[in-house]
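Scroll down for the structure; my scribbles are underneath it.
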Amino acid sequence: MMKKSLCCALLLTASFSTFAAAKTEQQIADIVNRTITPLMQEQAIPGMAVAVIYQGKPYYFTWGKADIANNHPVTQQTLFELGSVSKTFNGVLGGDAIARGEIKLSDPVTKYWPELTGKQWQGIRLLHLATYTAGGLPLQIPDDVRDKAALLHFYQNWQPQWTPGAKRLYANSSIGLFGALAVKPSGMSYEEAMTRRVLQPLKLAHTWITVPQNEQKDYARGYREGKPVHVSPGQLDAEAYGVKSSVIDMARWVQANMDASHVQEKTLQQGIALAQSRYWRIGDMYQGLGWEMLNWPLKADSIINGSDSKVALAALPAVEVNPPAPAVKASWVHKTGSTGGFGSYVAFVPEKNLGIVMLANKSYPNPVRVEAAWRILEKLQ
């Protein structure tokens, strides 16, 4: 509970208003409920968990069912599929590998996968894979690619549409391969490296790539057209969209990324900063490693419209930031994520010590998520 003295404090809120009294826990709950309850009704979402990080402290809220058939409610321990929010874990793990001196973003991809002998891979660097700028790698790896030999065949036969760095085209097949190659020098699998280097140091004890048997009871059912679904296995799924987590762990993830000064492992601290560095500018958005950033303050339309698939999945000109700009505290840092039966959104403003996690067991339009998050955080200014 907040101390009463805190409720009387004043904080500067330059972006939305001049001054506002610090919010009480009840006021925060009211703000969140007024946005999330109608959202769930409009989008027919069975269950949601939301965390708000306000003045650096997390507040948790849950609604509805994690499993309709068995009448299991959503709790603070419920595991949700994060979808592409998993890419932020990939980016931080890659940043950690850079900080350890194991890889460089300027390294050619072929250094870590010499079997990629096709001419099209000459000139493509790890940076391009990590930031979707390799030249037009597709959004998804085809379903018929089921093993490493088929994966190599897929990449060997891919032909770029543009020169590396010309355009950004969002792609699981791009950042997914980055994640797989970034851990090669460690000698560990991607899952092992993620667990040892990121999840365990940050005490994310309920965040998984493979949900263990004893945690299955907390694994929510996702829903698509009213039917329960879980994500299907696929090549590079762990790297691109395969993480599952609870609202408590995701609040901790936001806190660590918002202010890494409390992270004890120096390479992880540096990795978090590298993931929020600015490598390319695409319109008013900056591409990090997994994370995407916009300058703060900003207008709601720029993030809401930018999250629409027509924009987010479009091939857009990329302007390289060279050298990359270090993380900027006055940023809206965010990532959307979806699987067949889940929809997630994470956003934070480091300068304001303010953030939000929204986890749902149904996928629903990204602009709706972003607008809801904006409305909540705007009122907490």
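The backbone N, Cα and C atoms fix where each Cβ goes, and this holds for glycine too.
Quick caveat, the model's predicted, so the values are computed rather than measured.
Marked as signal peptide by Swiss-Prot on the basis of sequence analysis: 1-20.
Neighbour count (other Cβ atoms within 10 Å of the Cβ, all protein chains): 21 for Ser84 (active site, acyl-ester intermediate). DSSP assigns Ser84 (active site, acyl-ester intermediate) to a helical segment in the three-state reduction. Look at Swiss-Prot and you will find Ser84 tagged as active site, acyl-ester intermediate.
The beta-lactam binding site annotation in Swiss-Prot covers Ser84, Gln140, Tyr170, Asn172, and the record cites similarity to another entry as its basis.
Of all the binding-site residues listed here (Gln140, Tyr170, Asn172), Asn172 has the Cα closest to the Cα of Ser84 (active site, acyl-ester intermediate). Most buried of the binding-site residues Gln140, Asn172, judged by other Cβ atoms within 10 Å, is Asn172. The beta-lactam site is set by Ser84, Gln140, Tyr170, Asn172; from the centre of their CB atoms, other residues of the chain with a CB within 8 Å are Leu139, Ala171, Ser173, Ile175, Gly176, Ala240, Tyr241.
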